[in-house]
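Marked as active site, proton donor by TrEMBL: 113. Residues annotated as N(1)-(5-phospho-beta-D-ribosyl)glycinamide binding site in TrEMBL: 16, 17, 18. Taken from TrEMBL, the feature (6R)-10-formyltetrahydrofolate binding site covers 69, 111. According to TrEMBL, the domain 'Formyl transferase N-terminal' annotation covers 7-184. What TrEMBL records for 149 is site 'Raises pKa of active site His'.
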Ligand SMILES: Nc1nc2c(c(=O)[nH]1)N[C@@H](CN(C=O)c1ccc(C(=O)N[C@@H](CCC(=O)O)C(=O)O)cc1)CN2
Ligand SMILES: NCC(=O)N[C@@H]1O[C@H](COP(=O)([O-])[O-])[C@@H](O)[C@H]1O
């Protein structure tokens, strides 16, 4: 039986190319999802324009209007909850989220991160991989927990670091793979093939010993 389309809310802070990839995959029929909301902490986020063009409701909440991170995150997630998503996708959302706000969403919020986790959680991942002299780089989709970029990884995609690569050239080459990785992970979640349980990530009913490769 075909599962009901997954109701997906996407959180962005900037360009929104990963969001665009989800919009395109939804439009082509590749993804059986409903994009029900795009929210951003930045009013000027370019990705909001993509959402508007696709007829997706948007929400902008400027942190400057809240006294602290916990209050902001509580309001942000209360408004997201009002849209009743099945899944929240962080796609270039550039704020560390408060543990209390995240708690009710365990297993229902994922993030795409530009490194081969557990290497390089946080920011400036391309620069750090180059500085370390790594031969491989990549991106990871993980379930979001209070530990920054420390949640269980569902899948990763790898690229070779090439001679002469800069942080920008690496980011640009990786971004195309990110789009594929994120769409594949959202599809597995929409098909109800992947899920987070107390003891780890399950795929087709089996506990994953290691993350999937895309
Ligand atoms: N509690 C969690 N919050 C977030 C997670 C997570 O796994 N747990 N993933 C991140 C996404 N992310 C990397 O993938 C990330 C985003 C933002 C930051 C960060 O240091 N942000 C600064 C502000 C930076 C800026 O405004 O440019 C901050 O919030 O103080 C690190 C990693 C999303 N949140
Ligand atoms: N720590 C979070 C982080 O750095 N996320 C990264 O921000 C970019 C957003 O691009 P986009 O706005 O074009 O999707 C992507 O490369 C994503 O992996």
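Along the chain as shown, residues are numbered 1 onward.
Using the three backbone atoms N, Cα and C, a Cβ is placed for every residue, glycine included.
Listed recorded positions: 17, 69, 113, 149. Those with a CB atom under 6 Å from ligand 1: 113, 149. Around the Cβ of residue 69 ((6R)-10-formyltetrahydrofolate binding site), 14 further Cβ atoms fall within 10 Å across all displayed protein chains. Minimal Cβ crowding within 10 Å, among the recorded positions 113, 149, is found at 149. Residues 16, 17, 18, taken from the binding-site residues 16, 17, 18, 69, 111, are distinguished by a CB atom under 6 angstroms from ligand 2. Taking only the Cα positions, the spacing between residue 111 ((6R)-10-formyltetrahydrofolate binding site) and residue 149 (site 'Raises pKa of active site His') is 8 angstrom. Looking only at Cα atoms, residue 17 (N(1)-(5-phospho-beta-D-ribosyl)glycinamide binding site) sits nearest to 113 among the recorded positions 69, 113, 149. Within the same chain, residues at least 6 positions away in sequence whose Cβ sits under 8 Å from that of residue 16 (N(1)-(5-phospho-beta-D-ribosyl)glycinamide binding site) are 38, 45, 46, 47, 48, 49, 50, 51, 91, 92.
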